[in-house]
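Participant: Mind looking over this structure? Questions follow.
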Amino acid sequence: MKSYSLRSPAKINLYLEIVGDRPDGFHELATVFQSIDLADLVHVRSGMQGVIQVECAAEGVPNDASNLAYRAAALMSERFPEAFAKFGGVAIEIEKRIPVAAGLAGGSGNGAAVLVGLDLAWGLGLTQGELQELAAELGSDVPFCVGGGTALATGRGEVLDPLAGVDQVWLVLAKYRSLGVSTPWAYQTYRAQFGAEYARTPEAQAARHTAAKSGPLVRSLQALAAGDRAGLSALRPLLRNDLERVVLPAHPQIAQLRDLLDRLAPLGAMMSGSGPSVFALAESASQAQEIQAAARSALPDPDLEFWVTQFSAAGIRPVNQSV
Ligand code: C5P
């Protein structure tokens with residue numbers, strides 16, 4: 001079997017509106033995903049003795065069946081048992097660069113990378129749509145991770161409307177190393193506190209989806225994608241993440257970091273997904289570096305980590321292959 005190494009980029013949410021409840025217990029969302037250049041490297045090769053193995057040295061990443069990369073390989077082995085038997089198992093190695101449990105879909109991206117890697121290695125020739133259907137069985141963010149770029153998502157996050165790719169936008173990412181937020185906790189707390197605001201009927205939910213799709217953020221992103229740099233300064237008041245309403249009051253450290261970055265960044269700052277990572281947008285690499293330096297000196301805490309990166313159009317991409 002060929003061995004594949006794939007880049008598995010992180011994402012941020014530029015918009016995350018919780019629209020309502022779903023019969024499956026998840027939340028109906030309208031969200032804008034954006035891939036960024038910060039990426040893990042996932043190596044997929046034939047394993048020993050017909051088993052699935054996952055190896056990742058990073059702290060907090062399970063090397064067992066709970067890892068989304070493992071679950072992706074298990075799903076592929078169930079769906080394509082002949083290929084699994086023929087190639088003799090799957091060995092996965094993850095080089096982690098994306099902070100773990102950060103609201104950046106690092107684990108989801110690793111799952112998507114294994115789907116894409118095994119499709120290539122096993123010569124299955126799956127379409128992007130087929131890969132995304134498999135991805136939806138693994139988690140809400142996984143289908144987006146397959147193709148990456150810029151997309152508006154509805155449903156649990158798995159119904160994707162791709163948008164024209166936005167580039168030349170930089171960001172400073174910041175995260176307290178020791179701080180974690182449980183995604184189920186964030187959604188459950190949101191339901192308990194703000195459930196009264198939910199759109200109750202399918203029609204009311206559809207109306208909120210339509211409003212987000214034709215809303216000012218999507219229009220500004222499209223203007224930006226078309227080369228109108230003025231669209232950049234329009235983004236600031238349009239960034240929205242409903243989960244901030246529960247995560248920030250429960251974690252004053254994240255709220256302080258978010259407020260600091262929002263003051264320092266002319267284009268604004270926000271928490272990504274269910275947190276705890278916070279991003280600040282910047283119009284140039286040098287502006288991003290300046291924001292990072294100013295934030296570091298305002299909050300000189302060794303537990304606080306920063307990255308400077310940029311928007312990316314890339315989803316899962318093989319970077320090399322060996323026979
Ligand atoms: O799909 P994923 O495994 O990423 O979701 C993690 C948790 O986040 C779910 O178990 C659920 O509690 C919550 N969630 C939700 N609605 C979504 C996505 C996630 O309630 N659309």
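Start at 1 and count along the chain as shown; that gives each residue its number.
In case you wondered, yes, glycine gets a Cβ from its N, Cα and C as well.
Since we're looking at a predicted model, the values are computed, not measured.
Straight out of TrEMBL:
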type     : residues                                                                              : note
ACT_SITE : Lys11                                                                                 : active site
DOMAIN   : 67-149                                                                                : domain 'GHMP kinase N-terminal'
BINDING  : Pro99, Val100, Ala101, Ala102, Gly103, Leu104, Ala105, Gly106, Gly107, Ser108, Gly109 : ATP binding site
ACT_SITE : Asp141                                                                                : active site
DOMAIN   : 222-300                                                                               : domain 'GHMP kinase C-terminal'
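Describe each of these features in terms of where it is and what it packs against.
Facilitator: Of all the Cβ atoms in the protein chains shown, 30 others lie within 10 Å of the Cβ of Lys11 (active site).
Pro99 (ATP binding site) falls within neither a helix nor a strand when secondary structure is assigned with DSSP, and so counts as coil.
Counting only same-chain residues at least 6 apart in sequence, those with a Cβ under 8 Å from the Cβ of Asp141 (active site) are Lys11, Phe33, Ala105, Ser108, Gly157, Gly273. According to its DSSP assignment, Asp141 (active site) is coil.
The domain 'GHMP kinase C-terminal' (222-300): residue composition by secondary structure is 47 helix, 10 strand, 22 coil, according to DSSP.
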Participant: Pick the one among the binding-site residues Ala101, Ala105 whose Cβ has the fewest other Cβ atoms within 10 Å in this structure.
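Facilitator: Taking Ala101, Ala105 as the binding-site residues, the minimal 10 Å Cβ count falls on Ala101.
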Participant: Same-chain residues six or more away whose CB lies under 8 A from the CB of Gly107 (ATP binding site)?
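Facilitator: Spatial neighbours, sequence-distant, of Gly107 (ATP binding site): Val61, Asn67, Leu68, Ala69, Val100, Ala101, Gly139.
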Participant: Taking the mean position of the Cβ atoms of Pro99, Val100, Ala101, Ala102, Gly103, Leu104, Ala105, Gly106, Gly107, Ser108, Gly109 as the ATP site, which residues outside that list, in the same chain, have a Cβ no more than 8 Å away, listed in sequence order?
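Facilitator: Apart from the listed residues, the neighbours are Ala10, Ile98.
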Participant: Hey, of the binding-site residues listed (Pro99, Gly103, Gly109), which one tops the CB count within 10 A?
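Facilitator: Checking each of Pro99, Gly103, Gly109, the winner is Gly109.
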Participant: According to DSSP, does Gly109 (ATP binding site) sit in a helix, a strand, or coil?
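Facilitator: Where Gly109 (ATP binding site) sits, the three-state DSSP reduction gives helix.
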Participant: Any idea what DSSP makes of Lys11 (active site), helix, strand or coil?
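Facilitator: Its secondary structure by DSSP: strand.
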